[in-house]
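Peer 1: I have a structure here, written as structure tokens, and I will follow up with some questions on it.
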């Protein structure tokens, strides 16, 4: 027989939606707003960095980052994020969610500012400094994934838990949008203040000296929303589930949640005897029996999703160039190029990325996580193949709008699909003492996939004719074949989804089996 649920946890499960739920969404969500801004803003300025630091005298095209530098600048934050997800996920289970939450935010604030202050007398030293701080920026961002998801899941009621966790993640869409909008504004202002001819007219004067300030401003602004929520994070109480189930202090959990819920909750009499209670450890045989297939499911689906999702984001500016949304670089000055790239990415975010996230928020507790994830992978596959197979058709001028519509739909179903659900589910299906760690492992698998996309597709998407590939890159398989390959990745994600259980409408203890586990432990004693 399952153990009767602790009173304070039952109070959280059946609580009506209250103001503290929205406060928690905003506090946790602003971290994700900053995460998305910081991770994606670099793709807005990589072309500018190439013009500033790698200009070649007499070249017919503006300077570009060498392949190894471009891969490092675009991907180093993902390396830091992966390690941060593993480290802070583990630390969140050891020290508590609250203690670790402020550490991640402070790391993000400091490194975001320092990224914009990257110094050096040579291009190599500037890029090395930028990569150093972006690595540690990613490390802080990584901690935000398992902690924000776990905190929101442990604060939520079981009826709308999926929507609350998804709403935190949906702030990522606003972060991507904000990055594009701010880049549009700042590039418009700089273009007005510091007029410059196109590269074709005057290669040297096309990149004004002040452009070096512009990319730094864009990178540093991400620290502002994070700094605004630091005080609020420090005042959040520890989650009741950590306090009651991991720290074994039901009295403190009841006191904390009485203040949050503004109702009187009586503390349960302590029935457990921790020193006599046997419980299995992480990665033990019992853990793999109970949760091994689930961890494999959450990790593999996130890995496969992020290969497709992040590779699209990182080379979409090149796709826009191919279909004519972004003119040839020699026809623009450096600041105009930033404006055109930001405008294209903002339109995609506004039309597909942001709506996709909020469709998930609205429907996840009605349709369920499993169905949304299957649907998302299915339609991502359909639209990816629809773009890839008749790729030459889409490159004709009269078909460009259709290409953008199809590309936007791919992003829409990524966000109204696995990009959101892979974040939600790992925060619901594992025991409290492993929840943050397992979410960290799942999200780190995702970032490993992002690294495959960030590093691999910079090379794979190059033209098959080496003479038409970007300077310094070997011949690749082309955009068409890259899209076909991503379609296959999405099919694998669809299949791996069948290893992930449905958590809709169930308490965290039901999903993780903690009630049954503790009852069994007492019977053994």
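Cβ coordinates are placed from backbone N, Cα and C, and glycine is handled just like the others.
Since we're looking at a predicted model, the values are computed, not measured.
The annotation transmembrane segment is assigned in TrEMBL to 20-49, 69-88, 100-119, 125-143, 164-193, 213-231, 347-364, 370-389, 401-420, 440-461, 482-501. For 24-505, the entry in TrEMBL reads domain 'Major facilitator superfamily (MFS) profile'.
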Peer 1: Taking a Cβ cut-off under 8 Å, which residues six or more beyond the ends of the transmembrane segment (440-461) line up next to it in the same chain?
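Peer 2: Contacts of the transmembrane segment (440-461) (Cβ under 8 Å, skipping residues fewer than 6 from its ends): 67, 70-71, 74-75, 78-79, 81-83, 85-90, 92, 142, 145-146, 295, 298-300, 302-312, 314-315, 318, 422-423, 426, 473-474, 476-479, 481-482, 485.
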Peer 1: Can you see whether the transmembrane segment (164-193) and the transmembrane segment (482-501) are touching - at least 3 CB pairs under 8 angstroms, only pairs 6 or more apart in sequence?
Peer 2: no
Peer 1: Give me the stretch from 20-49, 100-119, 213-231, 347-364, 482-501 with the greatest number of Cβ pairs under 8 Å to the transmembrane segment (370-389).
Peer 2: 482-501
Peer 1: Check the transmembrane segment (125-143) against each of 20-49, 69-88, 100-119 and return whichever range has the most CB pairs under 8 Å.
Peer 2: 69-88
Peer 1: Looking only at the domain 'Major facilitator superfamily (MFS) profile' (24-505), report the model's average pLDDT.
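Peer 2: Averaged over the domain 'Major facilitator superfamily (MFS) profile' (24-505), the predicted model reaches a pLDDT of 85.
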Peer 1: Could you give the residue numbers and ranges of same-chain residues that sit at least 6 residues beyond the transmembrane segment (20-49) on either side and whose C-beta is under 8 angstroms from one of its C-beta atoms?
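Peer 2: Those are 62, 64-65, 70, 73-74, 77-78, 81, 104-105, 108, 112, 127, 134, 137-138, 141, 144-145, 148, 151-152, 155-157, 160, 164, 167-176, 178-180, 183, 211, 214-215, 218-219, 221-223, 225-226, 228-229, 232-233, 236, 260-261, 313-314, 317, 329, 334-335, 337-338, 341-342, 345, in sequence order.
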Peer 1: With the transmembrane segment (69-88) as the reference, which stretch in 100-119, 213-231, 482-501 has the largest tally of C-beta pairs below 8 Å?
Peer 2: 100-119
